[in-house]
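> The domain 'Nephrocystin 3-like N-terminal' annotation in TrEMBL covers 143-301. Positions annotated as domain 'GPI inositol-deacylase winged helix' by TrEMBL: 422-496. Annotation source TrEMBL lists repeat 'ANK' at 631-656, 766-787, 806-828, 840-864, 942-964, 1010-1034, 1112-1144.
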Amino acid sequence: MLMAVGRSAPRYQLMGVVYPKSQRLRTSMLEYFITVVQLCHHVIKLSRKTAFGQWASTMTTPLKGYQSDLELWAAAIKEEVNLLMVQQLSLEAEDNSWFRSQVTKRFESQSYARRLKARQRVLDACSTYYYEQDWKRIRKLGTTSILETSAVYANWKAQQSPQGLQSRTLVCTGKLGSGKSVILANMVDDLNLEVERKAVVAYFFCQHDSTQSLAPKTVIGSLARQLLQSENDLDVARDFLGDKRSLEVDEILSLLKHLLPTQFEAVFILDGLMHCDAEARQVILTSLQEIQNLIKLSLCVSVRPEPADSLQELRQLSNQQFLPIEDNKSDIDDFINAELERCLESGKLVVNDPALVLEIRDSLSQGAQGMFLWAALQMEALCLERTDADMREAIASLPRDLSALYTMILKRSRLSDVTYQSKILDLVAIACRPLTTEEMREALSVVPWETTWDPARRLNDIHATLGCCGSLLTVDEESSSIRVVHHSVKTFIFDHTGLRDSHQTLAEIILTYLNYDVFSRQLSTVKVPKISSSSVTAAVVNSTVPARRQSQSFALKLLRLKKSKDTDVGYSLLQYLQASRASDTVPWALYQYAVAWWQEHIWCLDLDLPNIHKLLINLLEAHDYDKPDFNGWTPLSHASQRGCLALVNWLLARGARHTVDVSGYSPLSWAINGRHLAVIDTLLKSEAVDPSVVDRSGETPLMSVIIMRDLEVLNCFCDRGARIDWNQTGSNGYTPLMTATLINFVEAILVLLKRLGPHILTQSPDGDTALHLAARKGYAEAFNFILVQAMVKQTFSKPLLVTNRNGETPLWLAAAHGHLEIVRSIFQYQDFDLDVPDTGGETPFWVAASNGHTEIVRYLANSGRVNVNHLNKAGLSALWAAVFNGHEDVVQAMIIMKTLDPNHSESGAGTPLEAAIRLGNERLVRLLVGNARTEVDQQIQHGKTPLQLAAEEGYEEIVAILVSTRRIIYNQRSHQGVTPLWSAADCGHSGVVRVLANTEGVDLNFPRMYGSTALWAAASNGHVEVVQILISTGQVDLNRKSQSGTTPLWAAADNGHIEVVNVLASTDGVDVDCPNDRGITPLWRAASNGYYHIVQALVDTGRVAINNVDANGTTPLWAAAENGHDDVVKFLIDVAVELNCTDIVSHPHAKQTPLWIASCNGHTEVVEMLVACAGVELDRRNEEGYTPLGIAAKRGHESVVAILASIRGVKLSQVDSNRQSALELARQYGHEDVVNVLEARRPRISVGLTPELV
């Protein structure tokens, strides 16, 4: 029992420790251990008894009771522990659930915060410019009624045009001062107030006095930010953005392409674009065009119509509409009335004569000419007048242009404070952003070069001082920034003061200001006093704190404090005193601007002056000497560009970085451009300067020196040759030696050749070496220097055989470009092949001949080392190339070469003679055929001979030249089976025909493959002169038929050539009525085609049978009626032709009279003429039993049916072989109009009766 207790008791004790708060467990455990103690007491008592006593005790022992109690309490402990475990698990589950929910909420909150942060980062990467501020300021200036009345604006802002949803552009044009900016600011309001508009409305107003607002990155970035603000999910942009904090324009466009759908709609209002420089405008417009192609962007941009090219720049924008601001007199009148009321009510304008106000109003209204600015400034100027007489005098002499108005305002305002006027104007005009009144106050208090701050120089009333500039300056109510009233004022200031002088004024102020000794950091020497708060009284506070309103307020608050624990307030009072006096002891107002923009101004100063240099050094020590300005220029870039050696040395000693600026140039590049030799030398010595950096144009500094042809600067590089890579290539793949060769800078070539070693013939991406470039350009001296060094240093085993990507050697290039001197230089070397072809198979000799370089052709040929008969890959010879390009001198030089084959070419390729003929070059043909070796009868393409080709092309002189050789076969046929004479006649070349017709041996009747003669061909094509020439020879067969059985006259009639018909018909021996194989005569054919004059001419000969029928039994009248030629029908009727076809021929047409076929085809006019003739058979049937009326009714020819039905003698009820009348046929085929015509004559119709009974 004790052993069991010994095993269980420690576990139970641990359970009590685990669950110390359970009262029941504690009670059970105590009972358990009490029982254990009682058991132990019993055992001890038993052990003290005698053996007999112990034996007697066993008879009455309570051990079983102890065992029962121990088991009871042990079970209770276990049950309680099990219960506690279950409860703990339940609580833990609840706690875990709560914990997980809290963690989930926290995680979701953090995830949402991260998404917001990432979204903000994307938007900030586009732009952080505060674009709303400019719109708010301009919007306050006024309203307009143009937007309410303009149909152009209404059409532009419509959410969908008639052509569908598409990008479009509204160009708002107006003269200077016409209120374009105000109109566009109101436009933003108008678009935002449209409730149903789904498109995002974005805007940007470029400010002439804010450098940042004129940058393309700012404009396009602000647009992108406004477009992306409407997009909820910008997570995709995180990977795109990477570690970048700011995006360039092209990156912003790529971001928009990733994030915006193609159906995204937006409106963008852009004002002040003309304030940007030309390069910035082009970038902005190109970017806007890309965005218009990407999404549905409705763009509105304002411009002045002058200069004219301002509108030309906008041509790339989509679907332009123009909103001219011309007739805005009502708006100006409203503006003048409102301003006059404001001035009168405020007391700014005081008049004695009330009528004077109307005079002012009328004068301003008439003189404004659409310019709000002019009216506003004139009104301000009139308010300065003191009497009515002065006002009337001023009205009488109002300045008519803005420049004169500005001059007048400044002249009148100068009287108030002439000391500060020019200085204020300079500062306002040149500042990179508008200065605030406090900034201007401190700037005007600065005395150049005095670096000790004197608070006494600070202006007491800056607003009164600004009055010396009159109404040309305005102060913004919100930001207190000072601006010129219009950007034209800035131009006016520069015209009268000069841009450099304005820059220098502000530069001197900033440089002096930033060198104030009060800005240097110092340890405080003031001991903090120990002051008991309980001993502070009003008198003490008043004697300690300055007597100002804020100080008095602070003292009173101290006095009114309730009694509290005594504390030391000395430190708090000292802090307050320092803060309250800070504005007096340190001039902080201008500090922010000066630190942000000092680099934009101070570099216009003369940095070599000792006092300026010292101050600049102090400034750079106090601020970042590597800080780039707005254009990315560091102080080292500026100093190098200005050639300030002392400053460059100082910067390099401090570890200034040699970086490339935004324009793509390094400090070394700027020093080279300025030819600052000492600075260049210093930079090249510095380990911090990389002399191999490539600039924006892809050139290394060394290349820039070479392009400038500056030997002195090049020598600087030579002095530091150990750090220079003399063989470094630029972005075009050219080395410095290649660059020097291209511009023929021989001195530089000599310098480079000494330092290049074995790399003289480095090849460009196109495979060109310096030798290739010199050979192409013809720089003989440079070529010789390079070649000699290449031979000496054995860069290649054979430098002259090095080919570029096109397979061209230096010799090839020299020959191609006609550089004989270089060719001669190359010929000094005997151990290489002169016939190395390029990739097109053209050798130097071949290309020299092709390009017309006669002397080189002779020189190469006389060397005996070239193949003058070489063929290129197209199988063409050098002689062919010279002929094709019309180089007569080259041909003349080559044709006498003994080794020349003038006919050499591959099969299918053209011969030189063919090329000369195709070009029509008689002189070249004469040169070629003058060589006895030239084959003048060699068949070329399609089996044509040179004579046939010349005849076909109509070259009369060339034909005569070829015929005169007497080395050709005159009647030889080509593969098409035509002779030279036939080709000339077919093409109508009368001169060639005359030459050939008069040449002995030419067969004038020699037929082509299909049997037609030259006369037939000429007649068929209407060549009258050729026909006359052939007839005049008396040797042609006038009636020779072709394979189809047609004579020349028949062919002429068939094609409507009346002049040829007249010539042939009037010629004795011509058969004018000769039919073809189908029995068709010329008259029949002409009648069928409707050639009235030919029909008339043939009939007038009296040698034609006007009623002859063809193989189908039809007459000329029938043919004319079939095709509706009413004039021919009338003529034939007039000459008494047979009206009814009566010949019995085994053909369906034989039973079709002219009236029947005309009715069948619906030729109304022909039917009218025929039914009017006596003897016409009105009811003649065809084989199917259709009468003219029946067939017309079947075909639905209403007008023909009406004519026939109205003729007495036409049997309306006659039926066909199917026993259907005309009315029934019309009904069967659905011709209701014909049915109506026939039913109108129904009383005459007896349906169902046979013709005999009607």
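Every residue gets a Cβ built from N, Cα and C, even glycine.
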> Within the repeat 'ANK' (840-864), how many residues are helix, strand or coil going by DSSP?
17 helix, 0 strand, 8 coil
> Could you give me three numbers for the domain 'GPI inositol-deacylase winged helix' (422-496), the DSSP helix, strand and coil residue counts?
42 helix, 8 strand, 25 coil
> For the repeat 'ANK' (1112-1144), would you mind checking the mean pLDDT of the predicted model?
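That region's mean pLDDT is 88.
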> Taking helix as H, G and I and strand as E and B in DSSP, count the residues of the repeat 'ANK' (806-828) in helix, strand and coil.
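Across the repeat 'ANK' (806-828), DSSP assigns the residues as follows: 14 helix, 0 strand, 9 coil.
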> Against which stretches of its own chain does the repeat 'ANK' (840-864) lie, if we need a Cβ under 8 Å and a gap of at least six residues from its ends?
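Here the qualifying positions are 807, 809, 811-812, 814-818, 820, 823-824, 827, 834, 870-874, 877-879, 881-882, 884-885, 887, 889-890, 893-894, 897.
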> What does DSSP give as the helix, strand and coil breakdown of the repeat 'ANK' (1112-1144)?
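Helix, strand and coil residues of the repeat 'ANK' (1112-1144) number 16 helix, 0 strand, 17 coil.
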